[in-house]
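All remarks here apply to the structure that follows.
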């Protein structure tokens, strides 16, 4: 017995599966889903039950479709109808319209009669219900068509108000107008010939702009859909007074036309926006060209990109200009000075090379600041700096004591000034800064420094003693510094004083008194009693007014160290004379080779001050080391810069000091012994084993030449390291190595400090060289030069060849003719020659730093990974 499934029954009755399943379950059938099967009796009973219900599936489904159509506001797309029915309009114009319509009606009537025959088999209740539904749908369709036509006409009139008035069209009108009117005629014909159609209409596939025949699904008991008229390939022709008839457009055509019309409008809007944006993009934004600078300030080594930024031009333009000038370059290639100047001439501007200032050269910076201060417009009057100079015990400190109203000379050792003292004296609301210099012959450098930083020199000469050697020296210092001299003839109150004799003596040195027709001021004073001291001060102020001494207090402070010392409680202390600008507490400073920040600042009376103006002597603390007298003081913007400059200057000074120190070597041993009257020759001895070290030490200590013997200050086993070099440098000794090598760090340190390292592998050769050097008969003919160092990274053992070492050149180079040493843990394992040198599979003459190579050593195969290979050459040197 054949069985049917639930979904087959639902398909025949055009009812949803869930309704059939529900009904079958109500009838008591064992049904779980639409895939459950029923026999013929169950099917017959189920069908009768479904047909007897008041609700018909097709009616229910059609009501959904009609309600969906009621909600949609359809606008007929004139363009879609025009394209689809263009050929039908052509037939109408040629008289074939009637014949085609008659055939179409006959086909439609035949289909309808066939459908009626099929539906007669249904029961009367279903037929009546279906007829009611058809009538209702036809009425709804007619009403919807009328609304659509009215809205279409209204829209057409709004868009083309003039075209809607035209009824007769000539053959010369445009195809677009023909298609618009043809659409209206097609719609009228469809409305006239259309019969009621069934509710079940399957929409065609949403292919745009394609006039395909709509697909119709035949569903019982629904009437077939009216097919679209066939199109012909003949070219349409039109009569002059021909007016098309309107036809009604089917629902499916309206829906499809509406969709295509909406899509076209969306595309048009989108394309319009895209075109507008493209038009905006097509308009190139013109870059405002910046003018060329008047002067090109360049640095040698700049490339096209750097020059483009300075010239306000693109790098490509710079490269093009250089190409036209015959210079092939790219944007990143460095250019030399001549090329940059040539480019500047091409642009018609001047070129000026930027000079880099070495900020560690504070002497140059000091001079520059002094020149800028003199050219400044914000200059103010400053106190004169006066240096008191003269022979020892002529009364310089006594005069200063009188000026300061203190007893200074009693505190000096032996009555002689031991250091420069700086003091300020107030006279008639004006300040004068005095510097007291030593008068002893041993302090000539201090007198010279005092003359360099002063404005006026007061030369003190004792009336009872006359001109002395230090007096003449003071005159020379003052003249070399270009400083005016005021002569103070002191001790006129003493018996035997003869001021005129002093004036006569000074005339020999170019100091002619004003009273005798010269230009040198002479004042006869007594520092002890204070006679004419006031007149001396007035002369100082008068000379200062003539000189117009000025300074800029707003710029960075610069000064000079008068004296410096190390204080137990305060650290480094420096006496500073501020020459330009204002020095403040907290300023980062560099003084000579030292640096720091001003922590405490005190004046000449011992009081703390926060700032020091020009021509003010102060005492400062906060330096990392003690500077030297006459060192320059410069203030920097920040402490970081001051620290870097100070450290760099200290490093440069140390290197310079090492260059000047001459260490003892075997080459200069004999000369050093004679020059310094040496009694011992200090040697640092290093050997590979303790036995060799002891034997060498005993042999060397037996050597004695002309009362000079060898002193082994240190003996050890192993490679020569940094501590050995440091010890030899501090002891003015040289290093002897027996079968050992120095480390790379120790070798670099020895080269920088000038420590001599001699390496041997024969014990009697050590004895001969040291003894010959002490006798002055050392004649070296060859000198070993290390050319490179290698590290063994891998080894391979090959029969008939031996061990091949894969090595990396750490520094220098190795050649095929080089001597080679195998060093393991600082001990020389073998000293021989290179047997072969290869790079990959090719024999090479040389391998430089940073490359790998394969190397074999003559008569030696005990090479291990991490062994150090030292390549060297023997060079002949002249006898020293």
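Glycine is treated like the rest: Cβ placed from N, Cα and C.
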Which range of 436-439, 440-443, 444-447 is region 'G3', per Swiss-Prot: 436-439
390-397, 398-405, 406-413 - the range that Swiss-Prot marks as region 'G1': 390-397
Which listed span Swiss-Prot calls region 'G2', if the choices are 385-389, 415-419, 420-424, 425-429: 415-419
Other CB atoms, at most 10 A from the CB of residue 396 (GTP binding site): 27
Lowest local Cβ density (other Cβ within 10 Å) among binding-site residues: 390, 492: 492
Within the compositional bias 'Basic and acidic residues' (34-43), residues counted as helix, strand or coil by DSSP: 4 helix, 2 strand, 4 coil
Residues of the region 'G1' (390-397) by DSSP state, where helix covers H, G and I: 2 helix, 1 strand, 5 coil
